[in-house]
Amino acid sequence: MHQMNTKMHFRFALALLMAFFSHDVLAKNLKYRIYEEQRVGSVIARLSEDVADVLLKLPNPSAVRFRAMPRGNSPLLVVNENTGEISIGAKIDREQLCQKNLNCSIEFDVLTLPTEHLQLFHIEVDVLDINDNSPQFSRPVIPIEISESAAVGTRIPLDSAFDPDVGENSLHTYSLSANDYFNIEVRTRTDGAKYAELIVVKELDRELKASYELQLTASDMGVPQRSGSSILKISISDSNDNSPAFEQPSYTIQLLENSPVGTLLLDLNATDPDEGANGRIVYSFSSHVSPKIIETFKIDSEKGHLTLFKPVDYEITKSYEIDVQAQDLGPNSIPAHCKIIIKVVDVNDNKPEISINLMSPGKEEVSYVFEGDPIDTFVAIVRVQDKDSGLNGEIICKLHGHGHFKLQKTYENNYLILTNATLDREKRSEYSLTVIAEDKGTPSLSSVRHFTVQINDINDNPPRFQRSRYEFVISENNSPGAYITTVTATDPDLGENGHVTYTILESFVLGSSITTYVTIDPSNGAIYALRIFDHEEVSQITFVVEARDGGSQKQLSSNTTVVLTIIDENDNVPVVIGPAMHNNTAEISIPKGAESGFHVTRIRVVDRDSGANAEFSCSIVSGNEENIFIMDPRSCDIHTNVSMESIPSAEWALSVIIQDKGSPPLHTKVLLRCMVFDYAESVTSTAMTSVSRASLDVSMIIIISLGAICAVLLVIMVLFATRCNREKKDTRSYNCRVAESTYQHHPKRPSRQIHKGDITLVPTINGTLPIRSHHRSSPSSSPTLERGQMGSRQSHNSHQSLNSLVTISSNHVPENFSLELTHATPAVEVSQLLSMLHQGQYQPRPSFRGNKYSRSYRYALQDMDKFSLKDSGRGDSEAGDSDYDLGRDSPIDRLLGEGFSDLFLTDGRIPAAMRLCTEECRVLGHSDQCWMPPLPSPSSDYRSNMFIPGEEFPAQPQQQHSHQGLDDDSQPAENGEKKKSFSTFGKDSPSDEDSGDSSTSSLLSEMSSVFQRLLPASLDTFSECNEGDRSNSLERRKGPAQGKTGGYPQGVAAWAASTHFQNPTSSSGTPLGTHSSVQPSSKWLPAMEEIPENYEEDDFDNVLNHLSDGKHELMDASELVAEINKLLQDVRQS
């Protein structure tokens, strides 16, 4: 039993490979065997393993999928598309599937996907029988009647048992229970069925035993063996004299399968010698005849005619075996038996059958193929068969319809329909194909099958515009949202592949996005305006419209260019731009001597429209009744028609209309007031009549004049702003931190007195201030001047011009006094100015520039931007950013060009006047006592007000008029030498009183205020523009001696003196100034020229000692005054 179960669940997988190669399609037969009644889901085969040799030849074997092409019984087996596993999908019953056929199989086809590399596998699964059925009789009791006179050996056919199994599992034999009178013999019919015949083996005697009951058993040979039984109930009757007899015990008949119903097959004839009822014979089928025979054939009980009651089919049943009996009507009648064998003859009565297997999820008669698929793409599987045999069953298959498809045979009567060309759905979307199958019988029979191939769309066509460029026009002054036009693109693809969406690609028109000008409806391509168009602003708009389809895999697009021309409308009136108009009125001057044809003026007109809308004509509509003037309508030139000398009138009011040629026309009306005036010299008629001579237009003169006035006003505003900024700084709170920085605010003037110490001598050589080395590292490195070196310097620099800069403090300029040195300034004697000062004809006014105790004498470049009225636009002040441009002719440019950049730098040292600041200054601000030094009383010795470079500010001197103060101020120097001062000018200061010193000191004190009044105060605020010199100057400010604070005094006086005495040159050797011819004639210069170039502030005593060694004479006051007058004259000349 266990072996039986094992055999039932055994999967017999024998693959018989039959490969047919045709082009690129491989057909391969695979056969498997399974037993019926296996569990659902049992795996039969794995195609991925069984056809691995074929799959390895494909480009991508791992991506291959399997698709089963179903037939009628296909639901019994299923195929996994990914793995190719064939498994049982439903219960398989061989007896139900194939009945008694010995060969039972399930056939279907499997394709590989994708179809570009199609492989076809034909699968045949043979279903093997298991012994799951027992033989059965149709009747549990079989009655049999036998005459007691029946001879030994008499045969009586018995009912057959039925076993649906086949082979060894089917009915094999019969057996009869043990007895002495009867036996059985097993016989086989022509169809292979087995039946038993009952044989009388011993004479019967009804008087001994009238009936018998025997068991008839039918058995198979299956494992386990199965059997079925029935009871034979035999009755023994009295004997009858004669029984009917057939002419033959058996008959064989040939029956054409196409024989019609009612055909007489056999006329049975049985004879009985008896008479009367005993001689009348009745014909009938034997009791054990199968129901199928009774349904197919019919026998006439009286005549014995066997006829066809139902059509037979050779393909279903090839033969029939019929048992017929004849029995008389007498009592105890014994029937006679006859066997009739009917063989069905095959004829060509079956047309070929065509089955088309399409890979269609829906309709059975429609196959779908994607356009663009390569040649030999799978379309359908065709299977043809003919139930006839021989030539009647041989079939010829053909494909009709279109040359784009072909029929390719794979095995037996199976075919493939493949594409024979690349298909294009846009050219043809559907094909009707016809399969014709014809057998070789006579006459030949054929079948026809139609099906449809529909081409699936792919997104292989981009949207296409009718034109690559569209040009449209629209009038200006349109309303926003106005419809412009529609651009349409067509896409022959289907569905989303053909759904077109329109967009405008991003571009810019006059700096604005195109989407602010026009928009497009994405569904239909309608273009609308988004704004009011102005032809004068933009006359043409060009943009690109993109049409894109909605393909899912990829989207295709195409572009077209749209040119939108904006048509001009006459919406602008002519505008007169010349001559200059005021309230549409212009004044025209005409010389008295103007002859006929004199060009009075030309009206210049501008019309922003274009074309005819911009064309205009001019005409005089009134004021010219006497035809004194003529006007060219095209050029709008006005000429005199008569001589002005002959016209008594001196003024005309001409009304002129300028009208364009638009529709409707627009015009402008102006009034020209023409006035006649006399020239000092009459204009010649030739010059008047010459139209070609260019004359300066009045309007151009006005424009130039306005420009010049604006420029002058701008300069005045800049100067005014500079002065205001400086005065505003005076109101700010003072801060010691700021005072220590590079820029110091101008404090309030502490004193109105004039100090002779306001004159400071600053020696220069060749127009260049002494420059300290940038790389001085220690005080010891400071150069010193030896007398021996001075002599060599004097000979080497014989052509150098040593100038003395006299810096005069501007503390004492009176409020009502202002003097600027120009070329037009008349000569002013110093003695006159001194006399005015002493006589009190003017009063000094306060100056906010401070005195020598409160000023640092330098203005830092980094603070000069505070006075600037310009902004770089970058948020920060930059080098060179000031109110004066380097290219302009300003005093600061001349000063820079002459080498005085160092005068405007500061060293950041705290002046002595600021040492009174306390910690409260940092918190509460500074008071006047903080920044105002104690003022000295007027001293006869100028040294008390003298600033010597390199020296610290002296302490507050006591007010005295004796010359002892001069001696007190003069302290020994570090070298042990006596301090030299300006009074000595090369000589030692005497210890006794000197009237000459007193007069000289008084004179210098008064000259201080004179120079302050002679020079412009605004020049004191100029700053450098060279950022590089700033850092250089800061390096040079470091003093060589400990505890000393020095710096170069600077100011406008230094600039004036420099301008007078120097003639600087540029790097190219070209003089920078305009006074190169002025040669200084001062008696000071021979002595000052001996000062070396490397002069330092701390070497001032050495200079004086050197000068004293030269034994220079001291000039008196009158000479000094004359020299100063000479200085003033040279300054004015330069």
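The chain as shown is numbered from 1 upward.
Note: Cβ is positioned from N, Cα and C throughout, glycine not excepted.
According to Swiss-Prot, the listed position annotated as N-linked glycosylation site out of ASN477, ASN559, ASN641 is ASN559. Within the list ASN103, ASN583, ASN766, the entry that Swiss-Prot describes as N-linked glycosylation site is ASN103. Scan Swiss-Prot for N-linked glycosylation site across ASN269, ASN816 and the hit is ASN269.
Residue counts for the domain 'Cadherin 3' (247-354) under DSSP, helix first, then strand, then coil, are 10 helix, 47 strand, 51 coil. Per DSSP, the secondary structure of the domain 'Cadherin 1' (28-137) breaks down as 22 helix, 45 strand, 43 coil. DSSP assigns ASN559 (N-linked glycosylation site) to a strand. Around the Cβ of ASN269 (N-linked glycosylation site), 13 further Cβ atoms fall within 10 Å across all displayed protein chains.
Rounded to a whole number, the distance between the Cα atoms of ASN269 (N-linked glycosylation site) and ASN559 (N-linked glycosylation site) is 99 Å. Just so you know, the Cβ of ASN103 (N-linked glycosylation site) picks up 8 other Cβ atoms within 10 Å once every protein chain is counted.
The two recorded residues, ASN103 (N-linked glycosylation site) and ASN269 (N-linked glycosylation site), have Cα atoms 41 Å apart.
Looking only at the topological domain 'Extracellular' (28-699), the predicted model's pLDDT averages out at 89.
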